[in-house]
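See below for the structure under consideration.
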Amino acid sequence: MGKTPEDFERHTMRSLIFVLALSVFTCSGFPVYDYELPVTEEALNASIARINSQTWGPNLYGVVRSHVRHVDMWNSNDYRLELQLSIRETECTKASGRDPFTCGFKVGPFVPTAVCKSVVEVSSEQIVNVIVRCHQSTFSSESMSSEEMTYMLMTDPRKRGSSRSEAFSSRGRGHSNGDWRKPDYTSPGKVE
């Protein structure tokens, strides 16, 4: 008793319908949060600014990839964004004053890279707190993945006694020589 071409076609059709139905059901929900929040880009800028202000090396880090992992809504004006960033050292020095988004990435086997989780608290569309944790990896010829754990816990610069607060307004890696504004993410009436 052999299978006929009709049996094969029927089985294939059932399989395709099953896969199609499965894909429809997995994608059928309405999104809970709008991840295109106006402050999302500012949260990314504040995160990389905080990373660059806390790293010891002479060069800036730039964002290779980023995405919003989670949004916690506390009420209609207050929420927390959780971002995941892949970063890599750029060719620009910190002293250059350049926007890291305009700097080219360093290339080679010894270039520091990291994966970071950034938690950004927002109140009334203003960033009030940034906490970043990074897992840094450095590749070498002796070990293709020797890793060290680096945690950078960073909060509002005013709370840490520093007036440094940065964000990068321009985009387009390698297209600009640099000057960028540094908006203050804390509310003007808040003094601690």
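Note that Cβ sites are derived from N, Cα and C of the backbone, with glycine treated the same way.
Counting Cβ atoms from all protein chains shown, Cys92 (disulfide bond) has 23 others lying within 10 Å of its own Cβ. Marked as disulfide bond by Swiss-Prot: Cys92-Cys103 (among others).
What Swiss-Prot lists as disulfide bond is Cys116-Cys134 (among others), and the listing cites similarity to another entry. Other Cβ atoms within 10 Å of the Cβ of Cys116 (disulfide bond), summed over all protein chains shown, number 23.
The feature region 'Disordered' is assigned by Swiss-Prot to 155-192.
What Swiss-Prot lists as signal peptide is 1-29, and the listing cites sequence analysis.
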When you measure from the Cβ of Cys134 (disulfide bond), how many other Cβ atoms are you left with inside 10 Å?
21
Have a look around Cys103 (disulfide bond) and count the other CB atoms within 10 A of its CB, chains all included.
22
